[in-house]
Every structure is written in structure tokens, then in C-alpha cells.
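Below is one structure; the comments refer to it alone.
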Amino acid sequence: MLLSKLSILLAKWLSVAVYAGTLVHDEQFIPDHILRVSVAQVPSACENREDVVVNGTSPGPAIHLLPGARTWIRVYNDMNDRNLSMHWHGLSQRFAPFSDGTPSATQWPIPPGHFFDYEILTEPEDAGTYFYHSHVGMQALSCTGPLIVEDCGSSPYHYDDERILLFQDHFQKSDLEMIQGLTSTQFTWTGETRGILLNGRGVSPNQAAVQGRPGEASGFFGSHRFSNFRAGDGTSNSWDGIRGDDQIEPPTDCTLPVIDVEPGKTYRLRFIGATGLSLLTMGFEDHNDLTIVQVDGSEYNAPVTVDHIQLGGGQRFDVLLRTKTAEELRCNGDKTTYFLQFETRDRPDPYRGYGVLRYNLGTPVPAAPTTPALTLPAEVNNWLEYTFQPLHPSSSLSPTAEEVTRRVILEAEQKIDPATGRLVWKLAHMTWTDMSRDKPVLVDIYERGEAAMPDYAAALTNYGWDPATKLFPAKKDEVLEIVIQNTGSHYSGASGIVETHPFHAHGQHFYDVGSGPGKYDPEANNAKLASLGYRPIKRDTTMVYRYGEGKVAPGEPAGWRAWRMKMNNPGVWMVHCHILAHMIMGMETIWVVGDAEDIVTIPLSVSQNYFTYGGSVYGNDTHAPEVYHYFDDTNKCCAAGAGDSEDSGH
């Protein structure tokens, strides 16, 4: 059934004319997907909160993309007083210039009352689970949604159906209140998460889940794939000319989230870590056989079987779950609901929440158990380290130690900035936020060419970054080993405290070569990789753990994470912690790959449309945007997408 719908989607794609150069996106232009972002009071974790929502809900609709095809996604900023951007998390190397959605790095944000058309080109090998989110302030807490790239033909793993499980944090403070506290000289922390949401539904510690009605909708509409679209006001309509998208049903009562399944089937569970703070550990009651087949999209891995999942902010895991047969359910007393239990880790105020795996729509949704359904492991540091390897090892392009040309250490420090009196996070002794520049770096390079480029020689003697521009330069095709080195806090209010960080790279995937306690020792880690015969898979988000008891002497090394990357995608890209509060406090870096000639790929006559805030590439009620079409409409997946049978690979 899934592939028959894909064939319909493919036929619509192939009917689009081939464009080239600059076009006016007037009423004749029909984008493939539309996202309208606004502000609304949302029933979140059984409480009300003002959230930034997408098409009326948080999370927003699940966007399904065909691999090997160009896609246009129109993003409207319907907010009155806030800028907006949209980042396509994990789809590295797959978007046109000025489309990465990072305001300080690659594009001006979308002004209130305007829209921007994002151009994305997927490749056949991009099949996997991703997500989109705003890259402005704390908006990504709620302004987010799933982004699924379908398989080009058959998946290498058989499954009958799939379910999306997107996790978010719930905070009682408003986005603005949290930002003000983080950036004040009288530092005020955001507070800990007050609830974990699964597909928009969860329970705050101040509330209690009640029993739900039989058949109540929850999560994304699996049966409405490619046909449902929810307008900005929350109403549903078909949008005949626009691909449809799954969307959650907003909660109307305080019940647990539900994952509906049928007996005796294999489900592909797409776990998405859209949390802005929390690292989660989770497992299913009486379902201990979970097979991880893909991590962070992009590449299938050799199967790894576990009994629980660990999910940090920005990470994704695709997991095969074999449900119980009808006979097994009968032998288990006709039990048709089982709890999914999830708990936060490495935070001072832990949270435990539940979802429900339900086998029968006629079964009422149970309330949360009074005692834990599972005992989940407390330690997170060694979960599946040095484990994930390619499904096809011969095709691995993971750089060896001998190929590494340079090592950059990003030492993570928390301290008071003497210039501002604010508490900040630093990487490699430098702090960066969206306020560090008066214009995006990519715009500056297009305008001034080599004069805007960072000094490579100066960076070599200054922790990897140029002191004049605060940018990390990399030569095209050089092989870097990037090490994030965790240390104890210098802040008197948290002296020696060590935090766990999810680190994410834009622009291209990296090969994760491990982690460990203390200070990074490249010789020891290379020996470990050799002894294991380990060839890592491509990743875009991995964890830097705190190790030990989470406290060392101020500035003392506490743990590390190492990546290897061949810098083969010229452009301007971010590497940053994916905890939103830490980003606002400066835990971000900007990398410039290649020289100006490599980066400037759009003619000046049209690229200048992107140079100003609210310029001609941004549409509004009175102006149709003038947009450069970077990719053509050649579909690299035509034969595979149209030729497979319905049941192949699923």
C-alpha cells in the first residue's frame, strides 16, 4: 500500500516542468509542501502554553519526500513580531545555498508576514528519518515536525508498516522568559523539563493522566498519508495541488499518547529526538526485541538488537519491532495494552513518562501505572559505543587515522564572559550566537568574496578559528578529526559540574570514531578502533557524555567525543550543541569549507536578491518572490520508485 501511494506521489512530481535560473513564484507556482508557522495557546502536557506551531499543531505535519527528487517547501511566518527560519535536520548537502535555515550562518530569517521557498534535493541514498525545526531562539521546542525520505525502491529490511515517535520537551516558562533569563547578567536557568511529549501528547508532573476512550486518535495519521493537510487555523482540507502530510490530532484531554499496532506484524518505529534539553532512555513493557536498522538517516547499518533505546536531542533511530501474535496475546490473558516507559537522564530533576502500545482500537487508553512498568538502566555512557557499522562495509568511506590531515579540539567550557558579565558556553575558547554578526556569513562571502573569508593560517595557531572573523576554516577535501572535549564548569554557581551534550553537524555527515572519559588520547583510541576492526557509519548527531559522577575540578577534562570528516561540501555550516539553552549561551561554531570560488555558486545578478533582510526572495501578500532554481527536476529515482511491487521491502 505504501508504494502504491509513492507511485501516485511520483507521478505528480514527474508532471512538473523543468525550471532553470530565476523564476517569479507567483500563483502559477505550486510548492510541494506548505508550512504555516504561527503562535497559539496549545494544550501541552495537560497544561496550556503559548507555543510556536506549524499548521496549527505542535509538532507540525510529517513531510514525506521521495529520494532523488527536488522538493520545494514554502514556509510562511504568520507571527506578528518574531523572525523565523526552518532547518532540515540531517539532510546534509541536500539544499540550495541560503536554504539551511541558520540565520547567522546561511540566510536572513523570514520576517513577520513573509514566506520563503526552500529548495531541497534528496539523493537515492538519503532514505531515512529526519526532522525540521526552527533555528531561531527557543522556537524549536514546538516549531518542529518529522521529515521522512522514502526508500528508492525496496528497503533492505522487511517491515509491514511504520510509526513515527517524535519526542519533545515541555516547559512551563515561555520562550521569551527563558531567553531573557539565559542572557541576563543575573543568570536564570530555564528550569528542567516539565514533561516529555510523544507526538504532542504527555503529562506534566503537576497533572495526572486519565483513562482515555476506545478508538481515540493519537499520534500521526498513518491512514491519511499523502492526503491530509491541516491549514494554519487547524482545519483540514485537501489542498488539491499540494502533497498531503500526516498530522497529529491535537489533544483534547489528559490521556497518554498511543501507538496503535496489529498483532503479528513488523513495524518500523521512527524515533525522533526533537527535545530541546532531555536525553531519554526508554523501553516497551514485555517487548524486549528491538532491532536498530538505521541511525540519523542516510545509511542503513548492520542490525543491532537491544532491549531499550537511548535518544538525545537531534538524534533519530529507526527500529524494527515485531508485535505479539494473536496467540501470544491470548496466552498473556488477552492483554492488549503495553506501556512505553521513557525517563530523562543526566539531569538534576528526572522525569518519567509513558506511552501506550495498543493492539485493539476498542480498548480504552489506560492511565499511567502507579509503579514503574520497567526498570531502565541508569547509566548512559556506554550505550552502543563502537557498535554501529555499515550494512555494506565495502562501501564505507570512513577516513582512517592515516588520512586525517588536521585535528581540531573543541574544548567545552562554561564560564562568565568578562566582557559582558554573562554566563556563557565556549567551544575552543570562543562563544558564538545568532547575535555575533550583523549579517549571515554566507551573505557576507557572496558580497565580498575572499575579503570575507577566514584566515586559514591564523586559525592553525588559534584553536582552529580565525580571530578576525571567529570562523573555523577548512580546505576543500581535507580530512579533519574534530574532538569535543567536555570539562568541568568554571561558574561559581556550578563549580566543576559537567553536563551531557548532543552535538550536531550541519552541511555534511561525519563518521563517529568513539567517546570516552577524561582527556582524548588519539593513540589509545586508534588502537581501540584497530583492535575492534570498527568501521563507523555516517552520523549527524552524537552525545558528549559527562561520565563519572558528573563533577570534576573546574576546567578538568571529563569526557570526549571524536568525529572524522572529509570536508567535501563547500559552504558555511554550523557545528553546535543541540540543547537550545546552550546554543543561546554560545555553544555554537561556524565552519567555512572551501574558498570563495568554491562557495559562490549562484550568479551575482540573482544572488543579490538574497543579500537583504526581507529582500525580493521573500514573498508576502503583495509581492511574489524572485527565486533562483538551483537544482533541476531530474528524478534519480524514477525507475526504482515506479517499478517496485507494493510489498517489496515492507
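One is the number of the first residue shown, and numbering goes on along the chain from there.
A Cβ is built for glycine as well, from the same backbone N, Cα and C atoms used for every other residue.
Since we're looking at a predicted model, the values are computed, not measured.
Feature annotations, courtesy of Swiss-Prot:
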- His87, His504: Cu cation 1 binding site (BINDING)
- His135, His506, His576: Cu cation 3 binding site (BINDING)
- Cys46-Cys254: disulfide bond (DISULFID)
- 41-151: domain 'Plastocyanin-like 1' (DOMAIN)
- 162-360: domain 'Plastocyanin-like 2' (DOMAIN)
- 439-595: domain 'Plastocyanin-like 3' (DOMAIN)
- Asn55: N-linked glycosylation site (CARBOHYD)
- Asn83: N-linked glycosylation site (CARBOHYD)
- Asn620: N-linked glycosylation site (CARBOHYD)
- 1-20: signal peptide (SIGNAL)
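His504 (Cu cation 1 binding site) and Cys254 (disulfide bond) are 34 Å apart (CA-CA, integer value). In this structure the C-alpha atoms belonging to Asn55 (N-linked glycosylation site) and His576 (Cu cation 3 binding site) are separated by 28 Å. Among the recorded positions Cys46, His87, His504, the ones whose Cα is located within 10 Å of the Cα of His135 (Cu cation 3 binding site) are His87. Across the range of the domain 'Plastocyanin-like 1' (41-151), the DSSP-based residue counts are 6 helix, 50 strand, 55 coil.
Annotated Cu cation 3 site His135, His506, His576; additional same-chain residues within 8 Å of its Cβ mean position, judged by their own Cβ, are His87, Asp100, Thr102, Ala105, His504, Met574, Val575, Met583, Glu588. Counting every protein chain shown, 27 other Cβ atoms lie within 10 Å of the Cβ of His506 (Cu cation 3 binding site).
Taking a C-beta cut-off of under 8 angstroms and a sequence separation of 6 or more, His87 (Cu cation 1 binding site) has the following same-chain neighbours: Asp100, Gly101, Thr102, Tyr132, His133, Ser134, His135, His506. Of all the recorded positions in the list Cys46, Asn83, His504, His576, the shortest Cα-Cα distance to Asn620 (N-linked glycosylation site) is found for Asn83. Spacing of His576 (Cu cation 3 binding site) relative to His504 (Cu cation 1 binding site) is 6 Å (Cα to Cα, whole number).
The number of other CB atoms found within 10 A of the CB of His504 (Cu cation 1 binding site), across every protein chain shown, is 24. In the shown protein chains, 20 other C-beta atoms lie within 10 A of the C-beta of Asn83 (N-linked glycosylation site). For the pair formed by Cys46 (disulfide bond) and Asn83 (N-linked glycosylation site), distance between Cα atoms is given as 28 Å, rounded to the nearest Å. The CA atom of His504 (Cu cation 1 binding site) is located 23 Å away from the CA atom of Asn83 (N-linked glycosylation site). In terms of local Cβ density within 10 Å, Asn55 ranks first among the glycosylation sites Asn55, Asn620. Take the CB of His135 (Cu cation 3 binding site) and look out to 10 A: across all protein chains shown you find 28 other CB atoms.
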